[in-house]
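J.: Here it is, the structure in full.
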Amino acid sequence: MNINDILKKLINKSDLEIDEAEELAKAIIRGEVPEILVSAILVALRMKGESKNEIVGFARAMRELAIKIDVPNAIDTAGTGGDGLGTVNVSTASAILLSLINPVAKHGNRAVSGKSGSADVLEALGYNIIVPPERAKELIHKTNFVFLFAQYYHPAMKNVANVRKTLGIRTIFNILGPLTNPANAKYQLMGVFSKDHLDLLSKSAYELDFNKVILVHGEPGIDEVSPIGKTFMKIVSKRGIEEVKFDVTDFGISSIPIDKLIVNSAEDSAIKIVRAFLGKDEHVAEFIKINTAVALFALDKVSNFKEGYEYAKYLIENSVNKLNEIISLNGDLTKLKTIMVKSSG
């Protein structure tokens, strides 16, 4: 493969085939391409607009080069991030609830542009985010929950870290996280930062051997189920791709004020989650329940979103004990107790 020819093709706004994109991604991730050319390729892809085939090819490369673990029937609740609103880490909270009934392989990273990534909030809760594969399998067996830190499970990505940081713009790698779970989670609730990317990412997901994925983008522009209005969804299964639009009031609840969901730090997010689990923050609790409801539908545990919401109400009642179990087996209970104390007021 001639990298310069690939670059010329992208500059001419021609899409790569899946095999071309996969080969290119492997070369980049392995550090075989000079940084100046990596920068040029990432910018050219962004300016052209990443195609489905390019996303699929890059995702396959990242999956192949990742440290892998086997977690049958797992669900992930990862999103693309990048919506810029800084809401509480609802996907992480939902993952904890889901682990009461199903294996959860939560793939995530530290925040890049926001206040708190999934790694940050779990660390604030006392969780040890570096979990080697053998330990990960043990934790799944004992707790139904494991966090797979992207930087640890995709070690070759360090070869592009400097370029990405220097560029300071969204590149194709920013949207690959939810598609590259190291446990090959077959079920997923996937938040998407832009409504315009729902179609592209749903078509990409369809090519990547998921059982069922629900991609969501919610008003007022978040990569979660909307707390205030409409959520635009793509439901991807073996049967194809279905488009759905759903309003928060369809759960039988009122809209949730967005300002009540904003956080300033990982600790702030951790406190809000624990307060919701304790029944002390109704707004955040509702936000967690509506997102969990859609994830339950992705798992085929319920037949509709309203039923999922009712199930989530039961799950959140058992969330504090589950969180304690998760941290006690892989973390620092002292940190969790500190958060609990700060949440009790």
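Just so you know, glycine gets a Cβ as well, placed from its N, Cα and C.
Reproduced below are the annotations present in Swiss-Prot:
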BINDING   Gly79, Asn109  anthranilate 1 binding site
BINDING   Gly79, 82-83, Thr87, 89-92, 106-114, Ser118  5-phospho-alpha-D-ribose 1-diphosphate binding site
BINDING   Ser91, Glu224  Mg(2+) 1 binding site
BINDING   Arg164  anthranilate 2 binding site
BINDING   Asp223, Glu224  Mg(2+) 2 binding site
J.: If you draw a 10 Å sphere on the Cβ of Arg164 (anthranilate 2 binding site), how many other Cβ atoms land inside?
T.: 18
J.: Validating a neighbour-count step here. Other CB atoms within 10 A of the CB of Gly79 (anthranilate 1 binding site): how many?
T.: 25
J.: Rounded to the nearest angstrom, how far is the Cα of Asp223 (Mg(2+) 2 binding site) from the Cα of Asn109 (anthranilate 1 binding site)?
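T.: Distance (Cα to Cα, whole Å): 15 Å.
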J.: Let's check the environment of Thr87 (5-phospho-alpha-D-ribose 1-diphosphate binding site): how many other CB atoms sit within 10 Å of its CB?
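T.: If we count other Cβ atoms within 10 Å of Thr87 (5-phospho-alpha-D-ribose 1-diphosphate binding site), we arrive at 22.
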J.: Just checking: which of Gly79, Arg110, Arg164 have a Cα that is within 10 Å of the Cα of Asp223 (Mg(2+) 2 binding site), counting only these binding-site residues?
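T.: Within 10 Å of Asp223 (Mg(2+) 2 binding site): Gly79.
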J.: Which residues, sitting 6 or more apart from Arg110 (5-phospho-alpha-D-ribose 1-diphosphate binding site) on the same chain, put a CB under 8 Å from its CB?
T.: Gly117, Ala119, Asp120, Gln151
J.: Could you check the binding-site residues Ser91, His107, Asn109, Asp223, Glu224 and say which one's CB has the fewest neighbouring CB atoms inside 10 Å?
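T.: Fewest other Cβ atoms within 10 Å, among the binding-site residues Ser91, His107, Asn109, Asp223, Glu224, is found for Asn109.
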J.: Quick one: pull the CA-CA distance for Gly79 (anthranilate 1 binding site) versus Thr87 (5-phospho-alpha-D-ribose 1-diphosphate binding site), whole Å only.
T.: 13
J.: Which whole-number value in Å describes the distance between the Cα atoms of His107 (5-phospho-alpha-D-ribose 1-diphosphate binding site) and Glu224 (Mg(2+) 1 binding site)?
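T.: Pair distance, Cα basis, whole Å: 16 Å.
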